[in-house]
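What follows is a single structure, written as structure tokens, with notes after it.
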Amino acid sequence: MNVAEITAKAEVLLEALPYVQDFRGSIFVVKYGGSFMDDPDPAGRTRVARDLAFLAAVGINVVVVHGGGKAITRAMESSGLKANFVNGMRQTDEATIAVVKKTLDEVVNRDVCDAIGGAGGKPKGMPGDSVLVCQKLTTDDNGNPVDLGYVGDVTEVKVKLIKKEIADGFIPVISPVAEGYDGKPYNVNADLVAGRVASALRARRLVYMSDVPGLLANPADPESLISTVKVGQIDDLKKKGIIDKGMRPKVQSAMRALQEGVQRVHFIDGRLAHSLLLEIFTDKGIGTEFVQ
């Protein structure tokens, strides 16, 4: 390595310094999802885990909410159950919720925790229904009546339990399952869970990691990334089709989180090496940030 390369590395560290100083002690909620979670090559998951461990090492209080839809589908197939979807939402009967909870808590959550632990972090797996309360979902996104079975909408986050783990030096890793008013587990949308958790914890940042670079003005052109979106622009972007159906739950959650005190929400590509660090600790960033 020559002097120029060494100096360039030092410049990267110096660019990160003011962000590290500013964010120390802040809460960041990271929604960990996307196809890279299912990639047979563990390199992508390892990179993300190292980024999460790095955030914790520099004094940022990280809370992780993970998805796991593909793992659930595989587990259902192995159990002889058929996955049915209504407007993108999984119908969940008693047999299905048992598979959902077992897969999320005992397989996906454990895998995420193992990856973070392997990177030097201190993860603490938290079954979602130990910290999330929900009501049964009775309408779809358009307000039409719908019965999806054991599918809920989070109404309460048990902040004290999560903050206790943070105070004890852990990275809470929460699965998207909530306890219903009837005491039974319910399947809940992980994107919406991340937003509710961020709002309840008064998080400084909410970061969504998925399979796209962020919000694209032209979905066919990865170079058309929109770096910053203000809440007031969102309706227009929906009308133009820039915010499509697949992105709407994330954007809806981002809007609500911003309205409830989260300072910024970021959409980044989890497949890109160290995208989390590049978004948080560089001046330009690498994804799309949503602001008030």
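Placed from the backbone N, Cα and C atoms, the Cβ positions cover glycine too.
Going through Arg45, Arg47, Arg90 against Swiss-Prot, the one listed in the substrate site together with Gly68, Gly69, Asn187 turns out to be Arg90. Comparing the recorded positions Lys31, Arg90 by how many other C-beta atoms lie within 10 angstroms of each C-beta, the top residue is Lys31. Within 10 Å of the C-beta of Gly68 (substrate binding site) we count 26 further C-beta atoms, all protein chains included.
Cα to Cα, Asn187 (substrate binding site) and Lys31 (site 'Transition state stabilizer') are separated by 16 Å. Taking Cβ-Cβ distances under 8 Å and a sequence gap of 6 or more within the same chain, the neighbours of Lys250 (site 'Transition state stabilizer') are Lys31, Asp191, Tyr208, Ser210, Phe267. Within the same chain, residues at least six positions away from Gly69 (substrate binding site) with a Cβ under 8 Å of its Cβ are Arg90.
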